[in-house]
Amino acid sequence: MTNQYSILFKQEQAHDDAIWSVAWETNKKENIETVVTGSLDDLVKVWKWRDERLELQWSLEGHQLGVVSVDISHTLPIAASSSLDAHIRLWDLENGKQMKSIDAGPVDAWTLAFSPDSQYLATGTHMGKVNIFGVESGKKEYSLDTRGKFILSIAYSPDGKYLASGAIDGIINIFDIATGKLLHTLEGHAMPIRSLTFSPDSQLLVTASDDGYIKIYDVQHANLAGTLSGHASWVLNVAFCPDDTHFVSSSSDKSVKVWDVGTRTCIHTFFDHQDQVWGVKYNGNGSKIVSVGDDQEIHVYDCPI
C-alpha cells in the first residue's frame, strides 16, 4: 500500500516510433495483468506486468500502417487494434496469433472499444457514424449515425446502456444502445474531442479536447457538471479510476495528471515523458497508471489506494 504518487517503471524504446494507444486489463481470477500498446511502427505489443516491471510477451505483426487504437476484452483473452491501414485486427492473447482481420473501409477505423460484454467492437468513422462489428462474426452488425463530423473518440458505459462519441468539431453524442437512438448532443468543446470515458457507475462522462479543457457531464440529464483546466496544451486522453472518485488525463504538454472527481481538482502531475502523452489507463484496482507517448516510452506509476 503506497500513500503517494510515484513513477514505478519506465520501458524505454518500447516501440520504434510514437506510441499512440494503450490498454490495461486485469484478469482477477488468474491474477494476470496485461498491457497492450499500439504504435506508428505498425506493431501491437503485448506486455505482462509482474514483479513491478513490464515483460514483452508478444510483438504482433499484421498492420501495414500505424496503429491508432487498441483495446482489451473484459471477458475474453482477446485484444483489438485499429490502424491507418483501415483494418481492425483481433488478436488471441494466449498464443499471440491474429484471429480476425476486418476491413473497416478507408479512415473508418479510428478509436475502437469493446462493448462491456465483449460481443461487439465499436469504432468511429470519418463520416460521423459509429460502426458496430460482431466480435464472433467479424462483420458490421449495425451503425449509429451522429449526422456529424469525423468521430475521433468513443466509449461504452460500463453498464452497457450508453455509447458516447466525440467528434473533430467538439460535438459529443450519447446513444442509447438498446434502441439505437441518439439521446443527447453536447456542444461542450470548440475543438476536437480526443478522448472520453464513463465513470465506473456509468453516471458521469469525462471528455478531453484540443481546447485544453476537460469537461464532466451528468449522463442522464446531459448537464455540464464541471470544467477543469490545468493542461497547457491539447488534452489527448482521459481514463477513469475503478474507485469512481479519480480519473487520469494526458496531454501534448508532456504531462499526466490525476484528478479528484468530487473536488474537480488536480491532485498530482507526472512530468516524466519527453514528448506528447497519447494514452493513459488505470489497472484493475486503480493502484497503477500506465502512460505512452511520442517519446516511444511506456511509464507505470504507483497510486495510493
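Think of each number as a place in line: the chain as shown, counted from 1.
Heads up, the Cβ atoms here are built off N, Cα and C, so glycines get one too.
As given in Swiss-Prot:
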type	residues	note
MOD_RES	M1	N-acetylmethionine
MOD_RES	T2	N-acetylthreonine
REPEAT	14-57	repeat 'WD 1'
REPEAT	62-101	repeat 'WD 2'
REPEAT	104-143	repeat 'WD 3'
REPEAT	146-187	repeat 'WD 4'
REPEAT	188-227	repeat 'WD 5'
REPEAT	230-269	repeat 'WD 6'
REPEAT	272-305	repeat 'WD 7'
Chain residues outside the repeat 'WD 4' (146-187) and at least six past its termini with a C-beta under 8 angstroms from it: 107, 110-117, 122-130, 193-198, 200-202, 205, 207-209, 211, 217, 219, 222, 224
Same-chain residue ranges lying at least 6 outside the repeat 'WD 7' (272-305) that approach it to Cβ under 8 Å: 1-26, 28, 33, 35, 37, 39, 47, 49, 54, 234, 236-243, 246, 248-252, 254-256, 258
Per-state residue totals over the repeat 'WD 5' (188-227) - DSSP helix, strand, coil: 0 helix, 22 strand, 18 coil
